[in-house]
Each structure stands twice: as C-alpha cells, then as structure tokens.
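What follows is a short report on a single structure.
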Amino acid sequence: MHPQTRGMSFPKVVIERDTDSEEESSSEEENDQVDDHQSEEEDDDQVVENDASTSTSGKTKTQPITISLKKVCKVCKRLGHEAGFRGATYIDCPMKPCFLCKMPGHTTISCPHRVATEYGVIPAPCKGTRNSLEYVFARQLRPHIPAIKPTVVIPDQVNCAVIRYHSRRVTCLEFHPTNNNILLSGDKKGQLGVWDFRRVHEKTVYGNIHGCILNNMKFNQTNDGTVYGASSDGTISCTDLETGMSIGLMDLNPNGWQGPSSWRMFYGLDINSQRGILLAADNFGSLYMVDLRSNSSTGDSVLIHKKGSKVTGLHCHPHQPDLLLSCGNDHFARIWDMRKLEAGSSIYDLPHNRVVNSAYFSPQSGSKILTTSQDNRLRVWDSIFGNLDSPSREIVHSHDFNRHLTPFRAEWDPKDPSECLIVVGRYISENYNGAALHPIDFIDISSGQLVAAVMNPNITTISPVNKLHPREDVLASGSSRSIFIWRPKEKFESELRGDEKRIVLCGKDEKKRRQSDDESDDDMYSSKEAHWHAKSLIILLGNLLQCMDCHPTTICKFISSDKFCRRY
C-alpha cells in the first residue's frame, strides 16, 4: 500500500532572480509570501510559478521562482517519506523490512538482534553424526583445541596511524610473515604500500605495479621478500618489496580493453604450499594456477562457480592444502579437492541468501568455516567433517553496504587457540556522545556474544578492512585512505610519551604538520632551557643559604654583581 501523501505540507525552496535595483529586490522580498496550505492540484513533483507584475513606478519586475519539493525515499524511490541515515540514526523505509536482520515487523532501532545478549545468534538444529570422519576429528584434531578459552586481549587504542596514506580507499591488508613491524596495504588505484609502523615515518608506496584495484595479496612462504598480488586489471604480479620491481605472472587481457563483456579481473588469491602453486580466480567463475618455480601458468582454467559470476575469495586448508574453499557471487561457498579438480566436482556446496564476500578455514585446526555474506549474516560451521547442510550458527551483523566501499570480511584471530574470536567492521553507525561512529566488532562465534566494540572519536569513516597480527596483540584497520594500528590500552599508555609523533599526515596537511612540529620543537627547547636556568638558580640559592652565616657580606656582593645578573 502506497503511503498517504495528499494534504501534507512539503518544504519549499525560493530562488530569487537578479533585480535592477536594491529597492526592487527589497519589495520582492516583502511580496514573497507563500501559503502553507496547498491544493491537490499543486501536489506535483515541482510547481514553478513565474508571474510578472508591475511596480508602482511603472517598471516591470519578475517574481521569484518558488519550487515545492516533496520528500523522496532514497531506498524505495517513492514519495511521501524519507529513509536512510540521519546522523548516527538509520531511519527505516516503511516499504522494506528491517535493514539489519532483513525481517519485517520492526525497525532497525528496535531490532531484537541488535539488542540481544548474544548479538543476534540464530541457532542451528543439533546435528549428531556418527561416521568415520567425525571419529578421526574427535581423536586427532579436537584434542589440540583447549577446552578452556584463554583470556582475550583486545587492541582498543589507536597507537599510530597514517592519515591519507593512499590516494584511493584501502582494499586489502597483510602483515609480513617474519618482520613483526611491516604492514602491506593495497588500494583501489592498484598501489602497494609498505609501512613500518614501529618507525611511523618509514613508509613506501609503489604505484607502478597495477592499473586498478589490488584485490588480494599473499606472501611467498619460501621468500618473504616477495609478495603476490591479484588485481582487477586482470594481472597477477610478483613484487620485490625492497626494490619495488614487479614481474607479471599472468595477464588475462593481453589485447587491452575490448568492452565490459570480455574484460577479466582477478579477485580470489591463495597459495598451495604443498604443491608450490599459486591459485587465482576471476570474475567469470574460473580458477587459474601458476607454478611458483617457473612463474608460468600450469594447466587450463577450471570453472568452479557459476559461469559469469565473480569468485570473491579462495582459501587453502592450513594443514591439508589440497582442500580448497571458494566463495562467489552465485550465493555459494564451495569445498574442493585439488587432486580431482574439475567443473561440478565440488565436495560440498554451502548455500547463502546473497553474495558471499569471504570464506575462511579456521587458522589452527582448519576444522571450522567462517563466511561473510551480504545478507548481514556471519555463518559458522563447527566441523567440516560433520553435517554441512546448515550452519552451526548464524550471527546477525551489520555489513550490508550500498556502494563505494570495500566489501566487509570477517577475519579469524590467528593467535586464538580456541578458534572462537573474529573481527569485523560494522556498517551501521552508532551514537557515541553525539558522534556517529562505526566501531570494529570482536565477536565470539561459539556463543555469538559481542566481546568488544572498539572505536575512536577521531575515526568517523567506516573501517571495512581489518587484519589481526599473527604474533602480537595488534589490529590493523583500513578506513577510507587511512591506516590505523590498534594496541591494548596497557601497551598504549606505556608508549603515550611519544604519541604526538606517531600520527603521520600525508598530502597537503603534511607541510602544515611539519611547520607546527618545528614550532613545537622550538617551544620545547626554550622551555627546557628556562627549566635548566630555574633549576640552577634554586641550587645556587640553596648553597648560598647554607653559607649565609659564614659569609653574608660576600654573598650579597656576588648577587648584586653584573655577572650574576647577566646569567640569571
């Protein structure tokens, strides 16, 4: 049923024309009186009145143009109501279901999944399987998972950052496998950034590697000085981090642009360490393999998802690299066996309601699966050896974005031996002391509880790209063109003394920052010098007071001397 719009008053915009004199303009302002009540015939999209009248002096002048604007919903494009974000509050469209859980009957503000204790967990039916694979899992893999969860350490304070590091939004992040201080980042323009966040000012950006979006990066496990990248320009690159020299391993568009129907782009990327093969998938549903020893393609491409659909992610099992997990725009995540890889030969298909942004095996045992879908659901399968017909849990979480954002991907905490903690950015903003902030959520997938929501009042943009350090309590987040490093509060306070030097501004504001830093340094040095003189004066006066009884005349002469006055 369409909303009732008749009889409602809508805002009006008055656009005045240029007049010949100030008197005419003032008289027009006096005559510009618009009634608040409109007839039904005036309820069109725009009502334009352009009447001419004659002034008392006999000169003709033009009346102002009055435009009546109706409320238009940004969601359903209908008249009579508004929907969308207003500050930190999301106003639901009455024609659509809840924006968060996608269910009708309530609004986003009153959504039960938003205020639930377990943060909107939809439990799956209990599945008790008794097969050989479940027996092997219970005997070999489950003993390595601790029964008691370790204490969770949340990095909740911004330790350092580079503001406007990239020229376009950040699309992917990756920590160096051996150097704890190095963070790699890719952006929409295809640039590759190398940043040492312990030495904040040591940053490098290579802009000659790819022509457009750098979608994914992976390190070579045998050579940590090289990184592989998959880009939307249809190329796979191998880049030396020290020199910035890049080698093209594969190009799906050797003849250049031939139209959107034939342009191929790489998205998913991973490495099968056991076979020494680089795996990459494109936007037509095909999988390609590159031999890392010869840096050349091997075999033919294999259709692993629906033809013409984008393969958004690839992930090899941490202990059995021949097990491959893929996800795509065809609303499926699929498990493959690399030893028998051909079209339609997937071991299992995991259905979703909408596009699957990412799918990962758990980092320790590889027995769990975590997927992120555009239907605002995080799905968890507790055992790949059990029944995979339905997920073990569905966690309602806000990550369904509109456009101009990097897709949200829930990431495992690689340091958590219990394989329960994940991190994911949030799309819907929250009102924190009057500011609209988009927090980064830490969620316990075993119960669905929101462990922590970290935010900073200076970060008002959305943080869809997040990566946890594999060895330290560090979180890296990409928000728009900036990169932020988060640490726990205790470690942050220990390094607070040098905090003012750990925020780097790139671009036009960097010169202003340097000038202000120079001025602050001068002030600091002058204050130090004054402090030194004051301290010396106190010590001298103390010594004088001690010997005042012995030599009062000598002391008075010294204080009144020119040498003492010039010094102090």
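One-based numbering along the chain as shown.
Quick reminder: no glycine exception, Cβ is built from N, Cα and C everywhere.
Feature annotation from TrEMBL assigns region 'Disordered' to 1-61.
Residues or ranges marked as compositional bias 'Acidic residues' in TrEMBL: 19-48.
Under the heading compositional bias 'Polar residues', TrEMBL lists 52-61.
The repeat 'WD' feature in TrEMBL is assigned to 163-198 (among others). Secondary structure of the repeat 'WD' (163-198), assigned with DSSP and counted as helix (H, G, I), strand (E, B) and coil, comes to 0 helix, 18 strand, 18 coil.
Residues or ranges marked as repeat 'WD' by TrEMBL: 352-382 (among others). Confidence across the repeat 'WD' (352-382), taken as the mean pLDDT and rounded to a whole number, stands at 94.
Secondary structure counts, DSSP: the repeat 'WD' (352-382) has 0 helix, 16 strand, 15 coil.
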